[in-house]
Structure formats: structure tokens, C-alpha cells
Amino acid sequence: MSKFKQLYKPLLDNAQWETPLSLAIEGTAFGHWLLEPNSLSRRLQRHCDEFTVSLIEQKKIDSTMLSADERELIGDVDCLLRKVVLMGDGQPWVFARTLIPLSTLTGQESDLEQLGEMPLGFRVFTDRSARRDALEVANTGTQAQPLWARRSRLWINNKPLLVAELFLAQAPVYSKEKQC
């Protein structure tokens, strides 16, 4: 799984994030995926017989490891960094990188540190207070093979976390016959 980190982490790190409006993705098949307001994991689960999460890395990082725009979105704070691959029927569909401020990991949200291979979306979107904002998208691939990504800030009990998701080539976002 370290190959995912080597191959796809730079794509997220170097993504040119833009607002969905600036890329005119609304109304497109892939736009429906990128603009999904609820749990991406639940949506992906509907497209396969077996949905799994492979935990690549989880560690605490210092605020100096955050980019300037990440600090702007969640603050100049130390975080728990979580990297996973979401898989459908054994195929890698999404590489995801989550930054959870340590201050978010208090009270009811302390369990976020113990998710392991459980999808983050399954936990976050069961909470009635969950919401998403600051949604940005990027095309990190080529014209011949686009690799779309999205980044958004999630809130749970008014505590932030930042999720960046890269839709890999085999993801249903690119499949015309599996749109829903």
C-alpha cells in the first residue's frame, strides 16, 4: 500500500484547488460525485458487493507540516493525519487524506482516532450535526485520463476536519453505466 502514498500523495499535495463553479462541473456525471454532500463511502458502497478501507498511515503531525491553505481551513493546529484507500470489490477507488485537529479528538469525537479500517464517512455522517463546507475540486490527471479530486472541510459538533479525496482510474465516478 505504500505505492499509493508514493504515487498519489503528490497529486493531492500539488492539486490546484478551485471552486466547483470555476470548473463548471455541476450537471456532469462526475460532478455529481465530486459535489456529493453526504458520505462518499456510503455512495461508493452502493456500487460494489464488498466495500473495504485499507489504512495506509495514521500519525500525529505538527502544525508546521500543514500547508498554508490547510492552516487557513482548520487552523494552525497539530493534527492526526489519516491516509486510506477506499476499495470496491478489491479495486482501489479513492485515495483519501484526512487532517483531524487534535482539538477535534475530544469528547464524543475522541473515537475518530480509533477508526482503523472503518470508513470515516460512516462515523461522521451518522451524527446529526455533521456538515460539509469549503468544497474545492481539482483535475490532477491529464486530458486523456482525468483524475478528479475534491477537498472539503467537515464539521462534527462544530469541530473541523479536512478531507482530500482523489478518485482513482477504476472508481465508478468515471463509469458511464454506473452513475447514480
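Backbone N, Cα and C atoms are what each Cβ position is placed from, and that goes for glycine too.
Summarising the annotation, Swiss-Prot assigns substrate binding site to R82, L120, E165 and lists sequence analysis as the type of evidence.
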Extra residues within 8 Å (Cβ to Cβ centroid of R82, L120, E165), substrate: K83, V84, A96, R97, T98, P119, G121, V163
Nonlocal neighbours by CB distance (under 8 Å) for R82 (substrate binding site), same chain, sequence gap 6 or more: L55, E57, Q58, A96, R97, T98, I100, L115, L120
Site with most surrounding Cβ atoms, counting all protein chains shown within 10 Å, from the binding-site residues L120, E165: E165
